[in-house]
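Copied over from Swiss-Prot, here are the features:
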- GLU107: active site, proton acceptor (ACT_SITE)
- HIS104, HIS108, GLU205: Zn(2+) binding site (BINDING)
- CYS119-CYS556: disulfide bond (DISULFID)
- LYS759: N6-acetyllysine (MOD_RES)
- LYS770: N6-acetyllysine (MOD_RES)
- LYS770: N6-succinyllysine (MOD_RES)
- LYS848: N6-succinyllysine (MOD_RES)
- LYS883: N6-acetyllysine (MOD_RES)
- LYS945: N6-succinyllysine (MOD_RES)
- 806-833: region 'Disordered' (REGION)
- 1-15: transit peptide (TRANSIT)
Amino acid sequence: MWRFSGRRGLCAVQRLSCGRVHHRVWREKSDQACERALQYKVGEKIHGFTVNQVTPVPELFLTAVKLSHDNTGARYLHLAREDKNNLFSVQFRTTPMDSTGVPHVLEHTVLCGSQKYPCRDPFFKMLNRSLSTFMNAMTASDYTIYPFSTQNPKDFQNLLSVYLDATFFPCLRELDFWQEGWRLEHENPRDPQTPLIFKGVVFNEMKGAFTDNERIFSQHLQNKLLPDHTYSVVSGGDPLCIPELTWEQLKQFHATHYHPSNARFFTYGNFQLEGHLKQIHEEALSKFQRLEQSTAVPAQPHWDKPREFHITCGPDSLATETAKQTTVSVSFLLPDITDTFEAFTLSLLSSLLIAGPNSPFYKALIESGLGTDFSPDVGYNGYTREAYFSVGLQGIAEKDVKTVRELVDRTIEEVIEKGFEDDRIEALLHKIEIQTKHQSASFGLTLTSYIASCWNHDGDPVELLQIGSQLTRFRKCLKENPKFLQEKVEQYFKNNQHKLTLSMKPDDKYYEKQTQMETEKLEQKVNSLSPADKQQIYEKGLELQTQQSKHQDASCLPALKVSDIEPSMPFTKLDIGLAAGDIPVQYCPQPTNGMVYFRAFSSLNTLPEDLRPIVPLFCSVLTKLGCGILNYREQAQQIELKTGGMSVTPHVLPDDSQLDTYEQGVLFSSLCLERNLPDMMHLWSEIFNNPCFEEEEHFKVLVKMTAQELSNGISDSGHLYAALRASKTLTPSGDLQETFSGMDQVKVMKRIAEMTDIKPILRKLPRIKKYLLNCDNMRCSVNATPQQMPQAEKEVENFLRNVGRSKKERKPVRPHIVEKPTPSGPSGAAHVSGSQIVRKLVTDPTFKPCQMKTHFVLPFPVNYIGECVRTVPYADPDHASLKILARLMTAKFLHTEIREKGGAYGGGAKLTHSGIFTLYSYRDPNSIETLQSFGKAVDWAKSGKFTQQDIDEAKLSVFSTVDSPVAPSDKGMDHFLYGLSDEMKQAYREQLFAVNHDKLTSVSHKYLGIGKSTHGLAILGPENSKIAKDPSWIIK
């Protein structure tokens, strides 16, 4: 996977009762792993490693142990933390000097077989032989990293063995290079009369990646700001350069870069460090000697004057104004990221400059009305050896490029003169406090990503993690010098000659030109071939296809057994109280580390149909337009000072027992430090009772940003949009999902953003408020420590009494409403005490599914495809069989057909909670052929040509998802949102265990390929003459 983006924050944080609730005592979190790690002594020798440093990091509840390998110099960092989701990663500094994508192709190819595990594609096979909670590999601009995580010690050893052998002793077979990188092959490999074309997984992945104009801009920005070494090239590979890469170059790059002397090992969690060190030393490092490295990235020579560049990109067919599609940014080179305090300071400074409506650049650029949103890669980017800061606008007219540049310069001058308000600095420091306290389910992955760039350039990763000391030093600098930040702005922005202005505008013939250049490259390659070369290519193509079609013996790979899966799941204690009379509130006591997580769900049942399409917009702007006596700037300031964020999102929640029944509503979510709970709940009261809908100009700004974000997201999430569209006519909930989140919503927002007079839309917001922001059909939930629960009860009670109810009873718009209580009592939900939550579901007894085939013609060189089938709801025993079948079809058929043979970046099958079975592909050079592969996959499933071993592997893969760790903030959410008790989930678990060969073939025949009315199809991608001629397709 190619990764290209700026460094994110440490732990991105997006996000009196009738029956008195009885809270249970919660055992304090054990610090056993941290205490154990503190016993290590500096200089101690352990399995070929020497301990160099042992440092407690109390703010993150961990102990850091730094080691080095005696023979090879390999670096090692272990973060001991009482977290059972343990993680390993190995990282290599990879510094390509051309755009052939050699580190990216190598990342793919090393995972295709190794000395100890010579079977083809052990990486994908291990996805089905493990209970991993994460497995992947990523290529960044200057490093390649291979992480995995699991909660099972035996699984950790298995995966570690496979990862070590793959990275240090890969086979690197030529056929694997052909498959994963690039190859010349006949369009139909079995017919030498068909034309030769370029194929390959990475080749197609990068063609897809560069359909994203934001990515094109970000890539050029880095290449042109840092032009003198490795950052001047495309590490993932330029599709026009990838065909220059040879197999020999690939092997040479591995020999020079994938060596322990150039490696950084990282482990995290509560497993014993000694076991990791022993295995890594014995299976890999003991077989190497130290190698002098030559991979260091030199400092970029600084310019003596600013530079300007202009580039082109593809047209955006969903842009709100065709005359305003230009992007411009001004970027500044900053110091080395290994100066951790300077990097910390500049990262904070970047947030002060660009984050939220109170920031100087938001006021100067976003609110100027010149564009739709900030330019890509805005803010501080710490992924390269020297960081950079970038700011600008997208969606502007070409004539306004100079104006934007002048606004940037003027804003810098104003900041130097006026500085920042104390409240804004405090709000930012408060955000960091929340980020260090909030616990994610994949904290190890967050940490390895956070330290990767700094450590890659020999910075101190432990220093980077010591947020507390960085904050103390930052406060000290501010106290000693009130102009500390202004001087940084003057130093790094005003007086910095290493400054780049980059502008980009669409060219209607951009993709045509790209295709032409690819055609010329192809002709050049083909014309240089002798008849013997062509014959060899034909034979190699047949050989590759034979290899891909051959049954693979994976017996050499380690594997867990189904018996290694825990037979039962841990149950979560929940208490349901009634507040303000009869409003259910779910209390879930958890070790939340001093944080409180509040959620409220409000029904949309009474909302008139004409308002439904703009519910997502209402949700998006509700917390951004002001409330009560606060204008939108003051509201943003209070949200930042008192909470970790307040979000509002539309939700369509399918019923667990009826396909045509669902719950519709809006989820309000927020989090805060315990001390700020009264302030957070007061903010919610003001948002519910007194939201402001008068700020027309700011509303326009928010509409344009929302429309731009939706348009920009299509190239990254095209398969999700295709699946939503394909399921639109299969269930009533699918239709509403498409309205809220699919291409229908993208089109709605495009239309609204194009309106010259936006008042008619603004006037609809108070109407939605009237139906939604009341207690009529609401339920709430709180996740907090047991000690905090009495205070939380009191605050939620006050909130609900303040919000009140509608003055008159409103009837549901859709007449068929079913009241469904959540399970309770010893038989239904023994771990839930107190009252019940009663959900009001919409049902449509007259609904008839029908087939719809839609092709969204977009200017992309690749396709995103979804085929959906209506099956059964969650509680039906067949759902578990279909869940296993989806994984089985992905691993044993679709992966080979769509990725290996077809060259798509991804593809497979999945089953949603709502009973929609989806076949999909991602960044796919094919369309009709892929739909045919979907049909063959169904035939394969019906034939039952799979073994008990295949079924067991599919179960392991499904359980790795079912048992993935849940953060304390999210415990009990399945019960709160979907009405699923732990007993119901345990019953489903037992159904998964009980799936067998007969059940799998039975559900294949029963649901897949049985009739058009239960099928939907959608494709996002380029024009297609075959589809255009087929009247059964709707062309958009």
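Backbone N, Cα and C atoms are what each Cβ position is placed from, and that goes for glycine too.
Note that the coordinates shown come from a computational prediction; the quantities given were computed from them, not determined experimentally.
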Q. Of all the disulfide-bonded residues given, CYS119, CYS556, which has the fewest Cβ neighbours within 10 Å once its own Cβ is left out?
A. CYS556
Q) Of the recorded positions listed here (GLU107, HIS108, LYS848), which is spatially closest to LYS883 (N6-acetyllysine) when Cα positions are compared? A) LYS848
**Q.** Site of maximum Cβ density within 10 Å, from recorded positions HIS104, LYS759
**A.** HIS104
Q: Find the shortest Cα-Cα separation between CYS119 (disulfide bond) and the recorded positions HIS104, GLU107, HIS108, GLU205, and name the residue that gives it.
A: HIS108
Q.
What whole-number Å value do you get for the CA-CA distance of LYS770 (N6-acetyllysine) and GLU107 (active site, proton acceptor)?
A. 54
**Q.** Most crowded position, judged by CB atoms within 10 A, among HIS108, LYS770, LYS848, LYS883, LYS945 as recorded positions
**A.** LYS883
Q) Looking at the recorded positions GLU205, CYS556, LYS759, LYS848, LYS945, which has the shortest Cα distance to GLU107 (active site, proton acceptor)? A) GLU205
Q: For LYS759 (N6-acetyllysine), identify the closest of the binding-site residues HIS104, HIS108, GLU205, judging by Cα separation.
A: GLU205
Q: Could you check which of the binding-site residues (HIS104, HIS108, GLU205) sits closest to LYS945 (N6-succinyllysine), going Cα to Cα?
A: HIS108
Q: Using C-alpha atoms only, work out the spacing between HIS108 (Zn(2+) binding site) and CYS556 (disulfide bond) and round it to an integer in Å.
A: 20
